[in-house]
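Per Swiss-Prot, the features are:
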type: REGION; residues: 33-330; note: region '13 X 22 AA approximate tandem repeats'
type: REGION; residues: 361-382; note: region 'Disordered'
type: REPEAT; residues: 33-54; note: repeat '1'
type: REPEAT; residues: 60-81; note: repeat '2'
type: REPEAT; residues: 82-103; note: repeat '3'
type: REPEAT; residues: 115-136; note: repeat '4'
type: REPEAT; residues: 159-180; note: repeat '6'
type: REPEAT; residues: 181-202; note: repeat '7'
type: REPEAT; residues: 203-224; note: repeat '8'
type: REPEAT; residues: 225-246; note: repeat '9'
type: REPEAT; residues: 247-268; note: repeat '10'
type: REPEAT; residues: 269-286; note: repeat '11'
type: REPEAT; residues: 287-308; note: repeat '12'
type: REPEAT; residues: 309-330; note: repeat '13'
type: SIGNAL; residues: 1-20; note: signal peptide
Amino acid sequence: MFLKAVVLSLALVAVTGARAEVNADQVATVMWDYFSQLGSNAKKAVEHLQKSELTQQLNTLFQDKLGEVNTYTEDLQKKLVPFATELHERLTKDSEKLKEEIRRELEELRARLLPHATEVSQKIGDNVRELQQRLGPFTGGLRTQVNTQVQQLQRQLKPYAERMESVLRQNIRNLEASVAPYADEFKAKIDQNVEELKGSLTPYAEELKAKIDQNVEELRRSLAPYAQDVQEKLNHQLEGLAFQMKKQAEELKAKISANADELRQKLVPVAENVHGHLKGNTEGLQKSLLELRSHLDQQVEEFRLKVEPYGETFNKALVQQVEDLRQKLGPLAGDVEGHLSFLEKDLRDKVNTFFSTLKEEASQGQSQALPAQEKAQAPLEG
């Protein structure tokens, strides 16, 4: 059941993306989570993927979700499952091979850096402190921005609740006609303010990626003198570090966005509940309005308490990743597994290439079809 759910969700993500813009990152995340959770059973899962029954279910899913399928999504449907099957098969085969390659790479790096172990550890420690200094303002900035946006959300929404209560107190006969516009505006304002909230908080992820690049580049320069004949191997490890750190930034962005959407989902039903009582008695409407104000304050406060600490948690995660690199390169590293981040990076690169190729082919197909269509629509000369 887990396998079927994951593969169906993979197809669904791709299909819903095809309606607007295909998000290769979403598809790659589904595939990587699938591979990670299956673990040692990945080979068996690949065999299941190839069964015709599952392919038929995917075909049914495309038909159910899309109805009339356009040329692009039909092409995607045909290519997605074989691509996923082949890629997971390669992941299974490459995992142990890559693990051994990374082990040897780290051994060579450690051997080369061993005479300078103290200096290398010091340089990485300096980099950690610089990273903490760079991220400090981000933590405070995110916390401030969350508070600002939450207060703005409450300021924008409360007046609508107050106006509806005022109309109710005035005992206006036609409550439905008087209150309904405010209830509609309240619901629209929820959508508008949640989108603004997401728009103000998610750009932090892009700023963080720039800081990550800067910090990793400084670390590379500081370690370069100690790794002159193994520079390529050091660069490879730093690429893995940057990938993992940027992944944290993307996860932060996704968590903020998901919490904002969750806030909207919790507020909208209360607004709809007011609508539902407009044709009922005054007492029911009054009760739903009281619930609306109290629910608004409660849910907004829960959102604030949940999102505020994200900056600090994110900072700690980034610092820990640099510390993990220090351990990998140190003389007492032990059996540190570092190959999975490289495997995931390779998967994401391949998924991006796959979708870029599909989009390019679709674009070329549309370009070729346009002149033929224009020719067919041209008036006949008499």
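A Cβ is built for glycine as well, from the same backbone N, Cα and C atoms used for every other residue.
In summary, the repeat '7' (181-202) lies against the repeat '10' (247-268): three or more C-beta pairs, each 6 or more positions apart in sequence, are under 8 Å. Sequence-distant contacts of the repeat '9' (225-246) (same chain, at least 6 residues past either end, Cβ-Cβ under 8 Å): 105-106, 108-109, 112-113, 116, 119-120, 209, 212-213, 216, 219, 318, 321-322, 325, 328-329, 338, 341-342, 344-345. Here the repeat '4' (115-136) does not lie next to the repeat '3' (82-103) in space: the count of CB pairs under 8 Å, restricted to residues six or more apart, is fewer than 3. Mean pLDDT, taken over the region '13 X 22 AA approximate tandem repeats' (33-330), works out to 80 on the 0 to 100 scale.
Look at the repeat '9' (225-246): DSSP puts its residues at 21 helix, 0 strand, 1 coil.
Sequence-remote contacts of a segment are chain residues at least 6 beyond its ends whose Cβ falls under 8 Å from one of its Cβ atoms, and for the repeat '8' (203-224) they are 113, 120, 123-124, 126-127, 130-131, 134-135, 138, 141-142, 145, 231, 234-235, 238, 241-242, 245-246, 249-250, 252-253, 256, 314, 318, 322.
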